[in-house]
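**Q** Here it is: the structure, laid out below.
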Amino acid sequence: MAGIPIKIRGLEKRFAANRVLRGVDLDIPAGKVTVLMGANGAGKSTLVKIICGLYAADAGQVELNGKPFAPTTPSEALQAGIVTVHQNINDGVVPDLDVASNLMLDWLANPKSAPVLNPRKIRRSAEEIAAKLGLNFDMNMMVSDLTLADRQLVAIARAMAHAPKLMILDEPTSSLSASEAERLFALVDKLREGGVAILYISHRMSDIRRVADRIVSMRDGTIVGQYETEPLDYEGAVNDMLGHTMTDVNIAVQAPGEKVLELENLQLKPESKPINLTAHRNEVIAITGLVGVGKTQLTEVLFGQLAPAGGTVTLKGKSYTPQSARDAINQGVFLCAKDRGTNGVVQDFDINRNITLPFLSSLSTLGFVRRRSEYRITNEAISKLGIVCQSANDDIGTLSGGNQQKVMVGRWLSHPSDVLILDEPFQGVDIAARRDIGAKLRETAKDRATIVLVAELDEALEIADRILVMAEFTIVGEHKNENVDVDLILEQVSGAAAPQDLQEQKEGAAR
Amino acid sequence: MSETRVNKKSMSLTDYAIRYGFVALLVGLVVYFSVAAEGFASPYSAVFIFQSVAITGILALGVTATLVVDGFDLSIGAVATSALMLSAYVMVVMEQSALVAVVACLLMGALVGLINGFLIVQMRVPDLLATLGMMFLLIGLQRIPTEGRSIATGMSLPDGSTAGGSFSPEFLALGRHRFDFFIDNLIPVSVVFLVVIAIGIWLFLEYTRYGRVMYAIGSNERAASLAGVPVKKYKIIAYMISGVLASVGGILLAARLGRGDIASGNNLLLDSVAAALIGFAVLGAAKPNAFGTAVGALFVGILLQGLTMMNAPYYTQDFVKGGVLVVALMFTFALSNRR
């Protein structure tokens, strides 16, 4: 089964005004692992969804073994030999059935199958499926009793029963431990030997180093780089994916003020290396790094959502161990969380109510909200951030993504804070809104420490006085945002550079 | 009600239908019955309708509080009948005063709400199951002290003695006294309670930060929590409001009946849940709200009173209520979810 089973040409897809895919050309050869890299919103998942029949393309085509292929349903794609293993492991298995039934699920779901079950026969077929991949499961075990890794293997084994031509693995290791991931890689090796074309989507550099035969980088809806000659150029791929095309924003680095927040030997996970970090007033710190390197866990520790595995945090000279979001807010630490749809926006509320939600107690008398005060604050936020709306009473759902994000940022800027943390504040935001938000954050940064967490290097360069790089749940690099050595940052992001002595580096940056 | 504002320019026919459809239906119904049923359009008839919906309306306002935080309380009917039995037990068997009976019922309602909230928030039992379990528990519990019999003055007790207490006149007045309002003896106490509680809950939900925060929890619990809202506390408070209002309903029912009738209050749960859900459709709110709930309760009352006056048989009532509920839910979800 050699050759190139999948050829994608000029694939385009748009959602409303948003062009998610802008002409993707991609070959996926048999017997090789093609790693697809791309930041959030680059279009990876849209591409996968078109290949596996969830979306229809607007233009361009996919060829499967030389024939045009446009599945309209996932089961049609499956019949044609395209198998997808999703990021969310439990999407691929039925926890309340035993292993045998899970492996035979497609047979069970097929209306042409015999109506009466023969347990022995099902078991035998299931064992055959598992044996083909060298897996040895207790067929009577409930899938809910298996580890996540084993569930993942069951899902893959089941998929393999279709003799797939293309297997898509979407961040398959995101919830696995290192040793569990190794079992998965062993299976991937086996599939590769069997001549299956594999499209492997991941952000984890360690995974990519382990499995990749080729790397394809995606950015803004197009393929921007392909690497297939040994040795693979990992930094180049990361560089393509993050696309640090120098931006035209000029940062005048500010002199840091008084010390506000200090992390000492903070450990996010028991086995992770300690983090040391000091944040000052009048300073904007950007923490950059790939998805899943612990940025979000860091915000959770600072916002009382997660207890650190070790180390201490000091806020304004006092020990700081927030127990809840409320606790953190009361102590002057605000978090503008990532994924505003889930973590920030209250869909049923208008702009006004979304903005004032955290501050209602200071805006009410005897429990009754003082309408005039709250509208004053909201209207101020609307004009300060340039939120495009008809009035403060517009439903938040009627606003564009960028404007919704402005509402979220405006919320946390509407009251003074000592530390303002923004996790991916530019997620799903167009360039104009991004500039507005960035400018407003810098403009108001004087009296607080601002910490911005971003996966895209661009965004860090656009906003920060100081850039920290995170990898493997710790900080591996620190750069003053003046004449930044972008290549060094990229090395650190991709984990190529051994974590350097930060002190030395800081001096280097200061020179 | 600023949140129901609809942009003027974008008001299409469907928007009008969503917003005013139910109110139009209500007005149409009143006009129809006034013409078709003799005596419908009179103050006494109006008061009768109010009185008939007062208790379910109060319970429905409690359910509304739990619906606002995206919960549900199925135990309200059982709480009300428990309050009915408890007040009778306190006065008739324990020979205590009306005040003691009322306080005992309110505390019982608050406690049940607290337990419901604890089960849901702390033990993570799904709301429907937790309150359903509580419903069965209370229905069983209220029968134990009297070995399953109704409570009335002079009844014989399990230990062979006779119950000497009685419903005090002050207590009975809660259910039977009528205030003068242009016409002598027009407005029953229960209706006053309904109006006061409805306005109170409306103010609470719309104008206080507590209500605002409860709506935030109902719409996006995680976002509310990350905005610093103590979500668990508010959810428990919602169930306590529901429990207390249900016990108020039970007290009024006891005062009206004048005895601890084991068989009454069977319809309370369904009627009040229906009123709260119909309330979603009023003015196109598409969410639980106090005003809608009150109108929903009134709507059911008008419909049933009208049908009764037109000699529709009693056994068709539940069918009519069910039909109204289904139509109202269709209004709410199919039409307004297009936004």
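Note that Cβ sites are derived from N, Cα and C of the backbone, with glycine treated the same way.
Please treat TrEMBL annotations as automatic predictions, because they have not gone through curation.
From TrEMBL, here are the annotated features:
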type	residues	note
TRANSMEM	B:16-35	transmembrane segment
TRANSMEM	B:47-68	transmembrane segment
TRANSMEM	B:74-92	transmembrane segment
TRANSMEM	B:99-122	transmembrane segment
TRANSMEM	B:128-145	transmembrane segment
TRANSMEM	B:186-205	transmembrane segment
TRANSMEM	B:236-255	transmembrane segment
TRANSMEM	B:267-284	transmembrane segment
TRANSMEM	B:290-307	transmembrane segment
TRANSMEM	B:319-336	transmembrane segment
**Q** Can you work out whether the transmembrane segment (B:290-307) touches the transmembrane segment (B:16-35), with the criterion being 3+ CB pairs under 8 Å where the paired residues are 6 or more apart along the chain?
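**A** Between the transmembrane segment (B:16-35) and the transmembrane segment (B:290-307), which are separate recorded stretches, there is contact, as judged by 3 or more close Cβ pairs.
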**Q** To the transmembrane segment (B:236-255), which of B:47-68, B:74-92, B:128-145, B:186-205, B:267-284 is linked by the most Cβ pairs under 8 Å?
**A** B:74-92
**Q** Counting CB pairs under 8 Å, which listed stretch among B:47-68, B:99-122, B:319-336 touches the transmembrane segment (B:74-92) the most?
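**A** Comparing B:47-68, B:99-122, B:319-336: B:99-122 has the most Cβ pairs near the transmembrane segment (B:74-92).
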**Q** The transmembrane segment (B:47-68) vs the transmembrane segment (B:319-336): three or more C-beta pairs under 8 Å (separation of 6 or more)?
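**A** With fewer than 3 qualifying Cβ pairs, these stretches do not touch.
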**Q** What parts of the chain pack near the transmembrane segment (B:186-205), using Cβ distances under 8 Å and only residues at least 6 beyond its ends?
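**A** That would be 43-44, 47, 50-51, 53-55, 57-58, 61, 64-65, 68, 173-180, 211, 214-215, 241, 245, 248, 252, 255-256, 289-291, 293-294.
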**Q** Quick check for me: are there 3+ Cβ pairs below 8 Å between the transmembrane segment (B:267-284) and the transmembrane segment (B:16-35), leaving out pairs under 6 residues apart?
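**A** Between the transmembrane segment (B:16-35) and the transmembrane segment (B:267-284), which are separate recorded stretches, there is contact, as judged by 3 or more close Cβ pairs.
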**Q** Do any residues, 6 or more residues outside the transmembrane segment (B:99-122), come within under 8 Å Cβ-to-Cβ of it, and if so which ones?
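**A** Cβ under 8 Å, 6 or more out: 71, 73, 75, 79, 82-83, 86-87, 90-91, 130-131, 133-134, 138, 171, 232, 235-248, 250-251.
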**Q** Any residues 6+ beyond the ends of the transmembrane segment (B:128-145) with a Cβ under 8 Å from its own?
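**A** For the transmembrane segment (B:128-145), the sequence-distant neighbours (Cβ-Cβ under 8 Å, at least 6 residues beyond its ends) are 72-75, 77-79, 81-82, 85-86, 89, 93, 112, 115-116, 119-120, 262, 269.
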